[in-house]
Amino acid sequence: MAAFERNPSRWKGTRFRRGLGASRIAAQAILSLTEKQSQGRWPSFPLGLKSKGTFRSASSYLLHQLIHRSHEAEAEQEEKQQEDGESEESEESEMQNLEDKYDGILREETVAEAITGLGWSGRGTEQVYLNLNLSHCELVDISILCGYVHLQKLNLSGNRIEDLSCVSCMPYLLELNASQNKLTTFFNFKPPQNLKKVDFSSNLISEMYDLSAYHTLTQLILDNNEIEEITGLENCISLTHLSLAGNKITTIKGLGTLPIKVLSLSNNMIETITGLEELKALQNLDLSHNQISSLQGLENHDLLEVINLEDNKIKELSEIEYIENLPILRVLNLLRNPIQTKPEYWFFVIYMLLRLTELDQQKIKVEEKVFAVNKYDPPPEVVAVQDHMTHVVNSMSQPQRIWDSTLPSLDAPYPMLILTGPAACGKRELAHRLCRQFSTYFRYGACHTTRPPYFGEGDRVDYHFISQEVFDEMLNMGKFILTFNYGNHNYGLNRDTIEGIARDGLASCIHMELEGVRSLKYSYFEPRYILVVPMDKEKYEGYLRRKGLFSRAEIEIAVSRVDLYVKVNQKYPGYFDAVINADDMDIAYQKLSELIREYLGLTETAAKTLAPTADTKTSYLKCEDYSRKSSTVEFLDSTDRNYFTKLWAKLSSKKSPVERESLHRQHEAARQALMGKTPRDHTLLFQRGPVPIPTVSGQQYFATIDELQKTFELSDDLFKTPSGTYPETSKDSNISKRYSTYFHTCPWSKELPFQLPEGGISSRPGSAGSDEVDGALKALRVASSMQEKVAQHKRLSAITIMDPGSNTKPTLPPIPHGRR
C-alpha cells in the first residue's frame with residue numbers, strides 16, 4: 001500500500017495493463033518464469049555485469065513466446081463465442097420442438113397439478129377431489145375429464161375449448177365456468193342432476209335453446225355473446241340470476257313468471273321496458289347502456305331495490321312517477337341521461353323517491369331530503385312560516401306608519417275573533433249572525449279570494465272576489481297579512497280590511513280555513529280561535545250534497561278534513577280557544593253567543609260549560625270533566641294572566657340605559673295622553689283616525705256634560721239583549737251592570753311603572769257643567785269601586801284553585817268597549 005501511495009501512476013498503469021487481456025497476463029507470467037530460469041542457468045557475474053550476447057538472445061526468445069501465447073488466447077476466445085452461439089440455437093430449436101409437440105390436449109399431469117378440494121363423493125362412500133381449476137391453460141381437448149365423475153366445481157375459463165361433451169359424465173357437477181372460450185352452442189351435454197351455476201360469457205353463442213331439463217339452474221351468465229332473443233327459459237323454475245349483458249337483444253321477452261331476483265341486460269339495443277310485468281321477485285335490475293327513453297314498465301315491482309339505467313335516453317322528470325311507488329327502492333343510477341341536465345333534477349328525484357339512499361353513485365344526505373321536501377311539498381308549518389316571511393318582506397314596500405290596529409296600551413293587542421272549520425260547516429253564517437247581534441263590538445272582515453262566487457254570495461259582503469292577476473299584484477305590494485291556498489284557489493286577509501274595522505273602534509270577526517290559522521299564528525296579532533266542526537260526518541256530507549255547489553271530489557276532501565281539525569285539536573291542546581259542534585246551527589250559535597256574552601261581560605254569571613248538549617255526539621272530542629267545567633273561566637280569565645306574564649317578562653328583564661330612557665319616554669307620553677295633554681309637535685306626524693282607548697283602573701275624562709250623556713245613552717243601547725234590557729234591582733247594581741264594560745279593571749295596572757291620576761272618573765279640568773254631573777259621578781265612582789272589589793275577589797279565588805302552569809295558555813286581550 002505504501003508503494004502504491006508513493007507512486008499512484010505506477011498503480012494505475014498496473015491496473016490498466018491487467019485489464020488488457022488474458023494473453024498479455026500469460027506473457028507476463030512466462031516472462032517472470034524465464035527470468036527465474038535464466039538466473040538459475042547462468043551464474044551471476046560479479047558487480048552485476050552480464051555479457052551482451054546472452055542478453056540479446058534471451059530478449060528475442062521472450063518476445064517470440066509472448067507473440068505465440070497471444071495468438072493462442074485469441075483463438076480460444078473465438079472458439080468460446082462460437083460455442084455460445086451454437087448453444088442458443090440449440091435451445092431455441094428445443095423450445096420450437098416443444099411447442100410443436102403441445103397440441104392443447106389435457107393430460108393427467110396437468111390435472112394432477114390443478115385439482116383441489118378433497119372431500120366426500122356424492123354418495124358419501126369415498127373421499128375424492130371435488131374442484132378442478134384449468135383456467136388460461138390454452139386447452140382445446142378436455143376429453144380426459146370424462147373419467148372425473150366426482151367433480152363438483154369445474155373452471156375452464158380462458159381456453160380454446162369448443163366442445164363440452166365431457167360434462168355429461170359429471171353427474172354431481174354444481175358449478176361450471178366456461179367463459180372466454182370458443183363455444184358456439186351451450187348446454188350441448190347431458191344435464192347434471194344438480195347443476196346450479198353456469199357461466200358461458202365471452203363466447204360465440206348466437207342462439208339460446210330449450211333449457212327445460214335444467215330445472216335446478218339458479219344462475220345463468222351469457223354475457224358478451226351474439227344472442228338476439230331470449231328463449232328457452234320458461235321452465236327454469238329455480239332461475240334467480242340471469243345476465244345477458246353485451247348481446248344484441250332488442251326486446252325483453254321470454255321470461256314469463258320466473259323467480260328472477262337479479263337481471264342484467266346492459267349493453268344491448270333495448271328501447272322499451274317490457275316483459276317484466278310478471279317478475280314479481282325482481283330485486284336488482286341493470287338496463288344500462290341501452291336506448292331506453294321511458295321508465296314505463298317498472299311499476300308494481302314491490303321488491304325492486306336497485307335500478308341501473310346509466311347511459312340511456314331518459315329526458316323528462318315526469319318519468320320518475322313510474323317508479324314513485326316502489327316501496328323499497330334504495331339505489332338509482334341515471335348517469336349520462338338527458339334528464340340530468342334539468343336544473344331541478346337532483347332534488348326532484350330525491351323528493352319523489354324519499355326512500356333512496358344512493359342516487360347516481362352518490363350517497364344522499366339527510367339535509368338534502370329535508371330541503372327537497374320543504375321545496376316541493378312542505379309541511380303546513382313550513383308553508384305558514386314561508387307565507388309569513390313573504391308578507392313581512394313585501395310589506396316593507398308600503399309606507400311605514402303606526403297602524404290603526406295598534407292600541408296605545410302595551411298589554412292590549414288588537415282584538416280579533418277567528419272562526420275556523422271545514423268548508424261550508426256554517427262558520428260564515430255564524431260570523432254574520434254574531435256581527436249583526438253584537439254590531440257595536442264586532443264587524444265582519446271579508447277575505448279576498450280568486451275563486452268565483454257561489455250562488456247567493458255577494459261581493460264585499462262574503463268575500464272580495466278578485467282575479468289572480470290582482471291577487472298577485474296585492475301580494476307583491478305587501479297588502480296581505482296572510483294568504484293560503486285551498487281547493488286550487490287563493491285566499492288572503494287584506495290589512496286594509498283590518499285597519500278599516502279598527503279605525504271605527506271595532507273588533508274584527510273573520511272566518512278562514514286551518515291553513516290561514518297557521519299563518520296568522522306567526523303574525524303579531526293574537527286573536528281568539530274558535531273551532532266550528534261538525535261531529536256527524538254523514539249529516540255534514542248530506543248537507544254538502546244538497547247545496548249542489550261542490551263536486552264529489554270536493555265533498556270527499558271537505559269531509560276528510562273534519563278528521564284533520566279534530567286531530568289538530570287533540571294533538572295540540574290549546575291550539576283553539578273553544579270548540580263548538582256545528583251539527584245544529586241554532587245550538588251552535590247559542591253556544592257561540594253565550595261565549596261572547598261572557599267574554600264581553602254582558603251576563604251576570606259565566607256559562608257553566610261549552611260542551612254540546614246531551615243529544616249531541618261528542619265522540620270525536622273527549623276531554624275531562626274538570627276541563628269542561630273550567631273552559632269558560634279559562635277562556636275569560638286567561639287573557640289577563642297571559643298578557644300580564646308577557647308584560648311582566650318584558651318589564652322585569654334587565655335593560656340598558658338607552659332602553660330605560662326609551663321606556664321612560666313612552667310612559668311619559670302615555671301618562672300625558674291619559675291626562676288629556678296635547679302631544680308635542682313631532683308626534684303629530686303619526687296621527688291616525690279615532691281608535692277607542694281601553695279604560696284603565698276606571699279612569700275616564702269627559703270634556704262636557706254632553707259627552708257623559710252620550711256615553712250613558714250609548715251604554716243603554718250596548719246592553720240591550722234581543723228580548724229587552726236586563727231587570728233593574730237597585731240603582732247601584734243597575735249602574736254596575738250597565739257600565740261594567742266601560743270600567744273594566746286592568747288586573748296589573750297597579751304594577752305598572754307609572755301611576756294614573758287619582759279621582760276616578762271626573763270631568764276634564766276647566767270644563768263647564770261639572771256641578772251638573774256630581775250625582776252621576778258619585779254613582780259611577782261607587783260602581784267602579786264595587787266592580788274593582790268584585791274583580792279582585794274573582795282573581796284571588798281563581799288564583800287559589802289554579803293549577804301550576806295553567807297561566808301560560810295563549811289567549812286574547814279584552815275586546816274594546818264598542819263604537820265611540
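Placed from the backbone N, Cα and C atoms, the Cβ positions cover glycine too.
Under the heading ATP binding site, Swiss-Prot lists G421, P422, A423, A424, C425, G426, K427, R428, citing sequence analysis as support. For K427 (ATP binding site), the Cβ neighbour count at a 10 Å cut-off comes to 26, with all displayed protein chains included.
According to Swiss-Prot, the repeat 'LRR 1' annotation covers 129-149. Within the model, the repeat 'LRR 1' (129-149) shows a mean pLDDT value of 92, rounded to a whole number.
Secondary structure counts, DSSP: the repeat 'LRR 2' (150-171) has 5 helix, 3 strand, 14 coil. Per Swiss-Prot, the feature repeat 'LRR 2' maps to 150-171.
Annotation source Swiss-Prot lists repeat 'LRR 3' at 172-193.
Per Swiss-Prot, repeat 'LRR 5' is recorded for 216-237.
Non-local neighbours of the repeat 'LRR 6' (238-259) in the same chain are 196, 201, 215-232, 265-276, 278-281, 286; each lies 6+ residues outside the stretch with a CB under 8 Å from one of its CB atoms. Residues or ranges marked as repeat 'LRR 6' by Swiss-Prot: 238-259.
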Chain-mates of G421, P422, A423, A424, C425, G426, K427, R428 with C-beta within 8 Å of site centroid, ATP: H511, V532, A582
Remote residues contacting the repeat 'LRR 5' (216-237) - C-beta distance under 8 A, at least 6 residues beyond either end: 179, 186, 193-210, 243-256, 258-259, 264
Close in space, distant in sequence - P422 (ATP binding site), Cβ under 8 Å, 6 or more apart: V533, P534, Y540, A558, V559, R561, V562, Y565
Densest Cβ neighbourhood among A423, A424, C425 (binding-site residues), 10 Å radius: C425
For P422 (ATP binding site): DSSP state (helix, strand, coil): coil
